[in-house]
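Sharing a structure with you now.
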Amino acid sequence: MLIYLVPVSLGLGLLGLGAFVWTLRHRQYEDPKGDAARILSDRWDDRPAPADERPARARSDHAGPTPGDRG
Amino acid sequence: MAMTEAPGGIGCIGCVTAPAAQGKGAAAAENEIVLAVPGADCAACIPQLEEGLTPLPGIREARVNLSLRRLRVRHDGSLTPEDLIPEVARLGYEALPLDLVALSGTENDRIGRDLVMRLGVAFFAMMNVMLLSVAVWSGAGDATRDIFHLISGAIAIPTVLFSGQPFFRSAWAGVKRGRLGMDFPISLALVLATSISIFESFNGGHHAYFDAAVMLTFFLLGGRYLDHRTRAAARSAAQELAALEVPRAIRLTDEGQETVNVSDLAVGDLISVRPGARVPADGEVVEGESEIDRSLLTGESLPARAARGCVVSAGEVNLTGPLTVRVTAAGKDSSLARMAALVAVAEEARSRYTSLADRAARAYSPLVHTLSFSAFAYWMWQTSGDVRFAINISAATLIITCPCALGLAVPAVVTAASGKLFKKGLLIKSGTALERLAQVDTVVFDKTGTLTLGAPEPLDLGAHDAESLSVAMALAQGSSHPLALALAKGAAERGLRPAPVSEVREVPGHGIEGVWQDQRVRLGRADWVGAEVGEVTATTLRIGAREPVTFAFADALRPGAEGLVTALAKQGLELHLVSGDVAPAVEELAGRLGIPAWTAGAKPEEKAAYVKALAARGRKVLMVGDGLNDTAALAEALVSISPASALDAARAASDIVALGRDISPVEDALRIARQAVRRMRENFALSAAYNVVSVPVALIGLATPLLAALAMSVSSVTVTLNALRLK
């Protein structure tokens with residue numbers, strides 16, 4: 001049994017860790033107050049926002065550290 | 001102070017690549033404008049601002065950050081902050097341009113994100129290792145136990161190596177400097193716990209401390225992160241204040257005018273200073289006549305006359321007429337920079353303050369090392385050379401005494417306290433400010449701009465007849481001189497309407513004149529109007545050949561100042577008033593507020609010397625001031641507070657910035673600081689108490705990983721809860 005359960009539990013944990021790293025990389029903790037308010041907005045309830053109106057940061061931040069970062 | 005050590009390790013990766021990154025950053029930020037929008041504090045602001053701005057020509061994207069109260073606008077390169085501010089105002093919000101260069105440090109908080117990443121990894125490892133450990137504690141034996149230990153090790157070793165880095169680095173830096181801080185025993189415990197557990201797991205031992213090692217990392221990183229966040233939040237707000245003052249000057253060249261950075265000015269340049277603007281560099285007036293407000297530099301509340309040949313200094317405010325100034329000193333030679341050098345010297349002295357945490361660490365490290373080593377030696381002797389057993393015991397001692405709670409004791413309290421103070425409009429800039437504030441027994445106030453608003457208020461308007469008041473009001477409306485503004489406002493508040501005065505014109509440096517009922521009317525300096533010059537701040541009105549009417553002014557008291565002084569006096573604090581203003585004005589205010597000790601006409605060096613003399617008598621001085629003339633004294637005092645309206649240099653020199661107009665939160669700051677220090681001491685006592693119980697258990701060899709885990713988590717949680725009790 002343990003041979004399955006231990007990897008499963010570790011895998012689930014890693015999944016959570018991966019999700020956390022992803023949110024951190026995508027700067028989802030930068031404006032917690034604003035995001036709490038945005039989720040209640042019904043602006044894009046019917047259809048998703050067109051690509052050019054989506055926040056720029058979600059697209060450009062894949063490349064790791066942003067230029068201008070201070071050391 | 002601790003601030004300087006932060007960039008040392010993690011930041012250096014960025015330092016190496018900095019030149020290239022900066023170039024790219026400037027290019028990327030070119031089409032981006034950041035505005036501070038202090039009024040954006042509700043959910044409705046987001047669509048209002050974003051949907052209101054996006055349709056405008058040239059704007060690609062507008063995004064509100066509600067947490068920072070900032071608006072970030074990307075555009076096609078055609079817009080300037082000056083274009084955007086009226087648009088934002090049209091939507092009903094006040095906006096201030098922010099200097100992107102000054103902000104660059106806070107926009108991307110790399111150290112913070114790095115810490116969160118390590119914290120996240122440590123949390124994952126802690127939870128998983130704990131799951132496996134619970135099975136072992138519940139009695140899993142033999143092969144199962146050994147396999148679980150090995151799996152735990154496979155998780156814990158990389159975690160400790162990755163997440164523990166901040167401690168290892170700082171411990172190593174300490175060793176190189178020959179000083180063992182708190183991080184050395186932490187690192188030692190982590191390394192020892194991990195290596196002993198590796199050995200035990202491979203040899204089928206009963207106890208492995210992987211869970212303890214990971215847990216230790218997690219809790220200590222938590223404390224480290226809280227500490228960082230408090231400082232980063234304060235720093236970002238302080239930088240925002242600095243970024244609000246975009247340092248620009250208008251330079252006159254042969255081709256006309258150009259706007260340049262103050263740092264680009266050279267001696268001999270001609271600059272134009274508009275009414276209402278701050279003089280950007282030291283110089284001599286070559287053209288124009290005006291009055292200048294020196295209050296931020298010298299504390300004088302009366303405006304001084306400026307005409308051809310007069311010397312002006314950076315930081316003064318030009319009031320009435322445009323001036324052309326030839327720069328005589330710029331950059332490092334200017335009076336502003338000299339003042340900054342004075343501040344740097346005093347700051348140096350203050351950074352030698354030893355914080356509570358430092359003192360605790362100093363007592364703690366040797367004690368723990370001695371205990372652990374004696375345990376090792378004793379058991380070696382007792383068991384006649386059983387190294388494995390002896391090392392196990394000394395490692396258990398190190399782990400159990402490890403300062404989880406000690407590491408959290410101060411940051412948790414500081415976080416709670418600065419959150420409380422931020423809500424009251426106070427910004428803590430330094431980590432040890434609370435501790436220093438709690439010791440204060442003497443408060444030294446500056447007058448102009450600190451206890452008063454630095455803005456005049458007309459006295460006894462009711463004593464004047466309505467006719468002359470309405471004439472004066474009509475004239476006053478034609479000027480932006482502070483006395484005129486105050487007079488016009490005062491008259492409007494009495495429900496008066498301006499008399500129909502025609503041909504109103506301002507005579508820079510003198511006053512305003514016009515024609516009313518075919519008589520010439522003048523409002524301004526007494527000697528210009530043709531009246532006797534009085535002693536108090538006043539402006540004089542003369543209608544035709546009638547007797548001149550004098551309007552007297554007093555500096556308006558800052559809201560909350562009276563209550564603050566009374567409350568502080570009641571607490572038994574010694575109060576002083578030190579001002580650069582003239583004696584009558586200072587004496588009047590001291591009398592009104594009930595401050596027994598006052599000094600007038602004090603120069604910047606004298607203010608600093610005054611504070612120093614108090615400190616030499618053993619007083620713990622809190623300095624509250626706003627002017628450039630206060631900066632040296634602010635830096636000299638044990639702890640200092642300045643209002644947000646203060647000059648940049650003064651805010652930089654102080655530990656706490658009061659953001660609102662009201663100054664009464666200073667009293668809250670003192671109260672909360674005393675309470676915070678009490679909590680810190682309680683926290684130290686609490687963590688010591690846990691050790692008193694657990695250390696003997698460890699020393700006699702009865703410690704188990706379960707016990708270590710319990711002691712660690714319970715003490716950390718208690719300490720955090722105690723910090724949250726702060727009111």
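Cβ atoms are placed via backbone N, Cα and C, with glycine included.
Not my notes, these are from TrEMBL:
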| type | residues | note |
| --- | --- | --- |
| DOMAIN | B:31-96 | domain 'HMA' |
| TRANSMEM | B:119-141 | transmembrane segment |
| TRANSMEM | B:147-168 | transmembrane segment |
| TRANSMEM | B:180-202 | transmembrane segment |
| TRANSMEM | B:208-226 | transmembrane segment |
| TRANSMEM | B:360-381 | transmembrane segment |
| TRANSMEM | B:393-414 | transmembrane segment |
| TRANSMEM | B:684-700 | transmembrane segment |
For the domain 'HMA' (B:31-96), jot down how many residues DSSP puts in helix, in strand and in coil.
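Counts, helix then strand then coil: 19 helix, 19 strand, 28 coil.
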Who are the long-range neighbours of the transmembrane segment (B:360-381) in its own chain, taking Cβ under 8 Å and residues 6 or more past its ends?
180-182, 184-185, 188, 387, 389-391, 393-395, 397-398, 401, 403, 406, 409, 684, 695, 698-699, 701
Roughly where does the domain 'HMA' (B:31-96) sit in mean pLDDT, to the nearest integer?
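Summarising the domain 'HMA' (B:31-96) by its mean pLDDT gives 79.
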